[in-house]
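Per TrEMBL, the features are:
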DISULFID  30-45  disulfide bond
DOMAIN    59-209  domain 'Cupin type-1'
BINDING   104, 109, 114  oxalate binding site
BINDING   107, 109, 114, 155  Mn(2+) binding site
């Protein structure tokens, strides 16, 4: 009995690993039907006879994003919400623009690995491994350099140069998602209790109150 239970557990574990990614296509394509009221993991398919070239097309990635903000960066995502034909294909991309000393702050893509290519400028990039090591792995990239950020790990990009920088990122999900660490912790809605954060970060509650008020204003403007 114990042996049979062990086999079941192993099979269930193996199945969960196999299924822990975007669903694979079972036909040539499955263009997202965003008007459908049916809720599935992703989007239901549009009738193939109604599909045309526009379902696989996006224009404008050549245009710089607006970096006139506190962080000095802008991300132009091209995912299934922009190209319906990406549905079930398990891939998307983004253009990231940086003003001088601009930052794409520490964040997580819960559903994707990221491959970053620097097009112009110089970027200081890195990611942090999981507990207990929390090891920072970082590198300075120049135009033409490529760097990989493993799925689910906190990572960042910083323009350490005096000129603008541009990068293109490929992601292993049609909808990779993004969790900006500081926004999630200090700008959540409703707010996380200040006592919890004060203990977690080992700082005074006044510090937490200040940070929450700043992120709350930014997220609600």
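Even glycines carry a Cβ here, placed using N, Cα and C.
Ranking the recorded positions 30, 45, 155 by the distance of their Cα atoms from the Cα of residue 109 (oxalate binding site) places 155 first. Between the CA atoms of residue 45 (disulfide bond) and residue 114 (oxalate binding site) there is a gap of 26 Å, rounded to the nearest whole number. The separation of residue 104 (oxalate binding site) from residue 155 (Mn(2+) binding site), Cα to Cα, is 9 Å.
In sequence order, 94, 107, 112, 116, 149, 155, 157, 169, 171, 176, 178 are the residues of the same chain, not among 104, 109, 114, whose CB sits within 8 A of the CB centroid for the oxalate site. Less than 8 angstroms from the CB of residue 104 (oxalate binding site) sit 71, 73, 75, 96, 98, 156, 157, 158, each of them six or more residues away in the same chain. Summarising the environment of residue 107 (Mn(2+) binding site), the number of other Cβ atoms within 10 Å of its Cβ, over all protein chains shown, is 19. Annotated Mn(2+) site 107, 109, 114, 155; additional same-chain residues within 8 Å of its Cβ mean position, judged by their own Cβ, are 108, 112, 127, 149, 153, 154, 176, 178. Within 10 Å of the C-beta of residue 45 (disulfide bond) we count 20 further C-beta atoms, all protein chains included. Taking the domain 'Cupin type-1' (59-209) as a whole, pLDDT averages 97 in the prediction.
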